[in-house]
Each structure stands twice: as C-alpha cells, then as structure tokens.
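Take a look at the structure set out below.
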Amino acid sequence: MSENPDLTNERASGTFETNAMAAVIYGSEKFAQRRREITEAISKIPEFQDSHPLVFMSREEKISEACRKLAVLSNYWNSLIDTSDEEEALHLYREVLGLEGHPLALHETMFIPSLIAQASDEQQEKWLGRAQRREIIGCYAQTEMGHGTNLRALETTATFDISTREFILNSPTITSLKWWPGALGKSANWSIVIANLIIKEHNYGPHPFMVQLRDEKSHEPLPGITVGDIGPKMAFNGADNGFLGFKNYRIPRENMLMRHSKVTSDGSYIKPPHAKIGYSSMVKVRSRMAMDQGLFLASALVIAVRYSAVRRQGYLEDKSREVKVLDYQTQQHRLFPSIARAYAFIFCGFETIRLYDQLLIDVQNGNTSGMADLHALTSGLKSVVTYQTGEGIEQARMACGGHGYSMASYISEIYGVAIGGCTYEGENMVMLLQLARYLVKSIEMIQNGKSRELGPMVAYLAENESEIDLNLGPNEYLKVFEYAARNQTWRATEKFQKLRNSGMSNEEAWNQASVELTRASRLHTRLYIMSTFINHVGSIVDQKVKGVLIDLLNVHVTYEVMDIGIYVQGLLSSNQMDLIRNQLYVSLETIRPNAVSLVDSFQISDMQLRSVLGRRDGNVYENLFKWAKSSPLNKTDVLPSVTQYLKPMMEKSKL
Ligand SMILES: CCCCCCCC/C=C\CCCCCCCCCCCCC/C=C/C(=O)SCCNC(=O)CCNC(=O)[C@H](O)C(C)(C)COP(=O)(O)OP(=O)(O)OC[C@H]1O[C@@H](n2cnc3c(N)ncnc32)[C@H](O)[C@@H]1OP(=O)(O)O
Ligand SMILES: Cc1cc2nc3c(=O)[nH]c(=O)nc-3n(C[C@H](O)[C@H](O)[C@H](O)COP(=O)(O)OP(=O)(O)OC[C@H]3O[C@@H](n4cnc5c(N)ncnc54)[C@H](O)[C@@H]3O)c2cc1C
C-alpha cells in the first residue's frame, strides 16, 4: 500500500535531509549509517519478527518470545554488529527485543559493567569473557524488600570465615530478601550480589560479590538459595524481576569483587581509594539514562506527530475539508516542546556517557577526583529527564485522542517502561537531594571566599545578574535560567542554614528545607540541559540542519522560561514575559512544516515502534481495523463467558 498523501506532503515540506539530522542526533554520520544498516539487515530476517503482537501476549509468552529472539540473535550477533561497540549493540537490542524487557537486559547494562569496573584483572580473566560470550547470564542484586534507597541499611550479610577462607551469605529476615533485580527471577544463573562485608564481627558496609545462583547444567537453584519471580509489574513484563534469599550459602574469598576493596586470606581488609567506588554500576546506568529516556520520549513523539498529521478533525478557515489536528496551536504546544526536549536529552546523554567512560579510565588509573561531579550531575539529570519524559509521553498519548488510549498506539507501554526510570537507579527525590548536597556545598564555598575553586558547572552560582536584554537570544535565555537556578539555590541553602543555626539538627534542618532544595536541583539541571542543547547546536556544520535546530532551540528556550515563570518574577517584567510568550507561539508556527521530518529523523523503525498509529506510511485506519480483528477475543463470535454466564442471566430475566 502506498504512503498516506498527508504524510508525503509533510515530508515534502521539510527543509532538511533527515539522514543529515540523524547524523547530528546520533553523534556521527558513521553511527547513524550503521543504525540504518543494522535495521535493514534485521528486517530481512523473518525470525526476528514478533510471532504475534506483544500486547496480546501473556507474561509467559512475552518472556518466551524474548528468549526465542535472543537465541536467534546469538546466531547473527557477530555478523550484524561490531560487538565491541556498545551503541550498536543497544540499537540491535532495541530493534529486535523492543522495550518491554528481556532476560539479558541486566546482563548487559549492569552485570558486565560491574565486572569491568569492580573485578580485579584475575577475576575479569575468569568471568568477563564468559559473560561477554553469554556462556553465563548475570544480574545485579542490590535492592531488598525492605530497603532500596538507603544502602547502608541493607541486611544481607557476607561473613568471612577465616578457617575456610570463604564468605557465608545469609538473608536474616524477610525484609532482607533481594527484591526487584531484573532477570533474577527465572533467567540468570549468576549475580553480582551487594552484601554487608563482615570480618571478625566488624561490618564494613555493602560490597559486591560474584555469586552463582543456579546449576550451569540443570539451571536448578543451588542448595542454600531461594529464588523466584516477583510477579507482574506496571510494565517491563518481558523481564523476570526476582527475589533471592541465602541460607548459609558459601562462596570462595576470591568471589568478592576486589579491584578496589580487598580481603586478604588472613581476614585483613584493604580500603578502596574512594568510599563510594562500589556505587559505580549505578553511576554507569544513570549516565546512560538521558539517552535512553530521550529515545523513549522520541518514540512516543514519532507516533503522536505522524498520527496528528493524518488525523483530521474539525475546521479552521477552510470549511470544505477538516484540518490535520497538527495544525491546532494547542496540539503544537502539546507536542513540539517535547520534541525539543527529546533532542536535548539525547545530546546530554552522549555527553554523560562520554564523561562516564572517561571517569572509568581515570578511576582505573587511581584518579577518583571526578566521581563527585559526575555523581551530582547524573543524579539530577536522571531525575529531571525521567520526570519530563513521563510528562511528555502522557501528553503524546492524549494528543492521539481515543486511539492513543488503545494499546494499538503502544504509547501506554512506552510510558510504563519509561516512568520506571523515575524509581530505578535511585528514586528521583532522593537523587535530587544528592545533587542538592553538592549545590549547598558550592554555596558554602562561595560564602567562605572560595568562589575560584568552583567547578565550571556551578561557577554561575557566584555571579550576579539583575538585568536582561530585551532582545532575547538563546544565551540570554540561559542567563534567565542561571538567575532562577542561582536564586533558588541560595534561598534553599539559606533556609537550611537558618534552620540549622536556630538549633535544629543538621538532618531535621535538611528535611525541612528539602522541597526547596529539590527545586534548586531541578532548576540547576534544566540549566545544564539548556546549555548542552545550545552548545550542541552551535557546533553543527550542516547549515540546513543547524537552521532547523535553531528553530527548535527557540521553542525550547521560550517554553522552558515560560514554564519557570514563578522563579524569574524578580528579573523579568510582565512585558518581557508577554514578549517571550509571543516568541514561543511564533516558534511553534516556524517549526510546524518540519515537525514530521524532525521525528522521522530519529529513524526509529516500525518494527521497534510497534505502533499502528505511528506507522511510517501513515496508513492508520485500515491497519487499526486489521489489528483489532487480530485480538484474541475476536477468534470466535460467541465467547464461552457469554454462553456460560450472560445468556443464562438474560434467559432468567425473561421469565
Ligand atoms: C557488547 C556491549 C553490549 C551492550 C548491550 C546493552 C544492552 C542493553 C539491553 C537492553 C537495552 C534496550 C533498552 C530497552 C529498554 C529497557 C530499559 C529499562 C532498563 C531497566 C533497567 C533497570 C535497572 C535498574 C537497576 C537498579 O535500580 S539497581 C539499584 C539502584 N539503587 C539505587 O540507585 C540506590 C540509590 N541509593 C544510593 O545510590 C545511595 O544510597 C545514596 C542515596 C547515594 C546515599 O548513599 P550513602 O552511602 O548513604 O551516602 P550519603 O551519606 O548520602 O553521601 C555520602 C557522600 O557520598 C557521596 N556519594 C554518594 N554516591 C556517590 C557516588 N555514586 N559517587 C560519588 N559520590 C557519591 C555523596 O554525594 C556524599 O558526598 P558529600 O558527603 O561530599 O556530600
Ligand atoms: C523496573 C525496575 C527495575 C529495577 N531493577 C533493579 C535491579 O535490577 N537491581 C536492583 O538491585 N534493584 C532494582 N530495582 C529497585 C530500585 O532500584 C529501587 O526500587 C529504587 O532504588 C527505589 O528504592 P525503594 O524501592 O527503596 O524506594 P523507597 O526509598 O522506599 O521510596 C519510597 C518513598 O520514600 C522517599 N524517600 C526515601 N528515602 C528518602 C530520603 N532519604 N529523603 C527523602 N525521601 C525519601 C522516596 O522519595 C519515595 O517517595 C528496580 C526497580 C524497578 C521499578
């Protein structure tokens, strides 16, 4: 069937090449090209297609389908991608397995990275190759039923037995059961387990251990281990998140991951070079999250924008034909600022992935000085990005009207998976407060006359801006944001300090200032996102692409400043706010002809999108009918439930 002419016209009105834009989104022409090649190659392999729509499957079927594809994938892995390239591998996974989770999700994202960051050279020799060849399947078991956030209160113990040189693992209470780790329930046979290291009755706190959970031949749990699936979740049901308990389960001393902390055979403990070095796997995932969430948001927007260009409802001036709903200003206001955010998140994602890779090298060379900065940055970023992604996806769903609520749109699934990110890798409020610690410390440095020692990301906290040029360009908007973030950070810090000086304990003062502190963290992070977006656009060479991204940037800066209006009342007059509001409406109109091309540029395939509404060819209605007919409920005209219950009920009512 040919392409819906409404989409053809949209594509014709685009002012730039989508391949050139994809090269900007994905960091290089080479990677953008590789993505297309991988997608093309996969589309020719029928075993990679869903055997029927995932949304009609039970959990068991989803997991089985994911395992079937993983097995097929193992035959093609080396021929489809450069296996040393993490981004290629992730693209392959996204295309073939989608976003509902699968039994290798944690193997690749946390198990292998933990071995790389935390295992000694000898340990890597023993396990890393096996993991990379997928001879073993691993997961990351840290969270317990009773504690996820407060790692210091984890209850699982690993007690060193000097006589046998083994650790004895125990789960002393119900609440100490590991709870949530992905792929733990039914798939993984090994795990990185975070447990309290105890030597001679002294608790050295949580440390990582390499633990075999299941027999490598029979896959049965080993004696001393209780393991299973925690049941269905809001989404992500293709993954078997699990529980795990230990009863006097022994592992050799050599199974504590010993790149940084060590226990010698006589039971001596050697401290790591930085107290939080064992948290690196979390920082690794957090540093990926802006990218991954940006792609979730992008997926929902591809669906909503394409659909809005083929959905006609109501009239503007021309009464002879209904308009595309994308022409309504309210629809544009609902969707276009999110397109800008998706671009900005992906740009930030590339930046934090690069920073993590650099930090990993630095730490391996004994330099831990960058850890605090990256921890603060990624804590704030994961919190803001996951929250705004959730907001944006939900708006995209509503922008699709009734059909958005149908699983045919697939938006609810994207939403369910994406908002998991508000919780995993550190609950958002908690992570905002981690960044706030860093911001408060920065203010204290300024108060103590040490402004010059501030890092580049917080130097603006020491500056002073009281007036803004009315002729606003992106850099002036940045100044508006700096003003807001600076003001809020000072106010929140002063509130905290005042409470503390009034005699309150540090902890209580912190708690009573915490809402204000989280607001400071959000503004600081949004400032970082805006500044990364501006810098990125500044570096683009292709003038057509750059022109459109400047238009998109204008949507971004005007929308974001309007959104934080309450924080800039002392800086901007109501006339200036009106001016910005009008600039936003003009920017929405300017970007309108490029809207479809901007989402096409994400180059997310139909196979990955799984959306009837978001199809690239725009042939929504005939496929929606086809999709509904494939619902298992339509296999028969008269359901057994009707024969068994409704008919007798109706018959009885007749008497
Ligand atoms: C060949 C390559 C192949 C690759 C292929 C990859 C394939 C991938 C597969 C699929 C991808 C396809 C995409 C599909 C979509 C699917 C997406 C969904 C994926 C789902 C995955 C979910 C995985 C989830 C996993 C988890 O959730 S694991 C558990 C995470 N848990 C947490 O995050 C706990 C949060 N809590 C904490 O981190 C800490 O407790 C704390 C809040 C930081 C507090 O710690 P504490 O020790 O108590 O410290 P404090 O006293 O508060 O602070 C003291 C001090 O330390 C500093 N600090 C803290 N942390 C750090 C750190 N990390 N680094 C540096 N410094 C740190 C802190 O700032 C304080 O400093 P000051 O004293 O100076 O203020
Ligand atoms: C989809 C998914 C996948 C996951 N995968 C894994 C995995 O593979 N491995 C693993 O180990 N774990 C995993 N987890 C667990 C996850 O990391 C934790 O659930 C998460 O860190 C939050 O911790 P919690 O559940 O203890 O929340 P809680 O801390 O109990 O949060 C409850 C509320 O308390 C608030 N709160 C808690 N502490 C503070 C504080 N100090 N100050 C202010 N407010 C506070 C929070 O803000 C929140 O509002 C996964 C979770 C999900 C949802």
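Positions of Cβ are set from backbone N, Cα and C atoms, glycine also.
As recorded in TrEMBL:
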- 18-137: domain 'Acyl-coenzyme A oxidase N-terminal' (DOMAIN)
- T143, G182: FAD binding site (BINDING)
- 279-440: domain 'Acyl-CoA oxidase C-alpha1' (DOMAIN)
- E425: active site, proton acceptor (ACT_SITE)
- 474-651: domain 'Acyl-CoA oxidase C-terminal' (DOMAIN)
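Taking the features listed in TrEMBL, we show where each one sits on the structure.
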residue	record	contacts (Cβ under 8 Å, 6+ apart)
T143	FAD binding site	K178, W179, W180, P181
G182	FAD binding site	G101, A105, L106, C139, Y140, F236, A239, D240, N241, G242
E425	active site, proton acceptor	M282, V285, R286, M289, K382, M431
Integer average pLDDT (0 to 100) for the domain 'Acyl-CoA oxidase C-terminal' (474-651): 97
For the domain 'Acyl-coenzyme A oxidase N-terminal' (18-137), residues assigned helix / strand / coil by DSSP: 89 helix, 0 strand, 31 coil
DSSP three-state assignment (helix, strand or coil) for T143 (FAD binding site): coil
